[in-house]
Amino acid sequence: MINIVSKGVEKLRQYGKLVMFSHTIFSLSFAVVSMVLASKGIPDIKTVFFILVCFLGARTGANAINRVIDAEIDARNPRTKGRQIPRGEVKKGEVVAFTAVCFLIMLYGAYRLNIICLLLSPVALVLLTGYSYTKRFTFLCHFILGVTCACAPVGAWLAVRGSLSLLPLFLGAANTLWVAGFDIIYGCQDYDFDRENELHSVAVQFGVKNALRIAALLHTVTLICLIAAGILAPELGIVYFIGIALIAALFVTEYRMVSPENLVNVNIASYSVNQLVSIVFLVFGLADAFL
């Protein structure tokens, strides 16, 4: 019995690493803030629950299928060859089945929310699955990832209101450009591998130096979109804008940590710093909405 439990715990640990569960915060903060602003407070428990169901099902399934689609590439890349599928810790078939369950959970959540969410869920599924193929043919893959992540705040707003306005579109644009920016930074470390294997990225297309400049520009526009969202939302005020100032400071810190000549801190700059960005946005956004 103890052995069975131990194996089960180990399998859960492997799947947690496989789908990068610790990175859930990246778009969850935008979804939660969007949900609260759309409802002008906390919506009913059912809506909150099924928004979270949709989010977790979509995000977990997307990361799982990404690992399946990229398994052969990961096996060739020295940086990623230690991932679970290349190492044989989990089987592709298992992960495909796991992905199917996650996406079915997402679809059920959309069904329980409203007809708009259900009708748009196939679009989300195409983005969630199709993103993984995009680096094979376009350097715009970072932006497609951003758009996919932006389904979270836009979808949360639709779940509450059933219609869109400028505010969720600015939140979605901020989410898109923010994710695209730090994904461009993250992709710089694979510059040589991607060139050798004919994979596409902003770094491969324009060089690492210009890629970092483009990422910085995207994060500057991200701040503009967040400011616009704050102006449009009557619930948001000084506390929210203090949070945006802190996010700007984190962006500055991020770009001081990396350079074309030194990419040692890419993981910290692209992931750790931006996890803090997400937390700051969530905390200051909610604090202002409820004060």
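Note: Cβ is positioned from N, Cα and C throughout, glycine not excepted.
Over in TrEMBL, the protein carries these features:
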type	residues	note
TRANSMEM	21-42	transmembrane segment
TRANSMEM	48-69	transmembrane segment
TRANSMEM	90-107	transmembrane segment
TRANSMEM	113-133	transmembrane segment
TRANSMEM	140-160	transmembrane segment
TRANSMEM	166-186	transmembrane segment
TRANSMEM	214-232	transmembrane segment
TRANSMEM	238-256	transmembrane segment
TRANSMEM	268-287	transmembrane segment
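Residues 48, 51, 55-56, 59-60, 63, 149-150, 152-157, 159-161, 167-168, 171, 174-175, 179, 233, 235-236, 271, 274-275, 278-279, 281-282, 285-286, 289-290 of the same chain lie 6 or more positions beyond the ends of the transmembrane segment (21-42) yet place their CB under 8 Å from a CB of it. A contact between the transmembrane segment (140-160) and the transmembrane segment (113-133) is present, since 3 or more of their C-beta pairs, 6 or more residues apart, lie under 8 Å. Cβ atoms under 8 Å from those of the transmembrane segment (113-133) belong to residues 47, 50-51, 54, 58, 61-62, 65-66, 69-70, 103, 106-107, 141, 144-145, 147-148, 151, 155, 158-159, 162-163 of the same chain, restricted to positions at least 6 beyond its ends.
Here the transmembrane segment (238-256) has Cβ contacts under 8 Å with residues 182, 185, 212, 215-216, 219-220, 223, 226-227, 230, 269-270, 273-274, 276-277, 280-281, 283-285, 287-289, 291 of the same chain, all six or more residues outside its ends.
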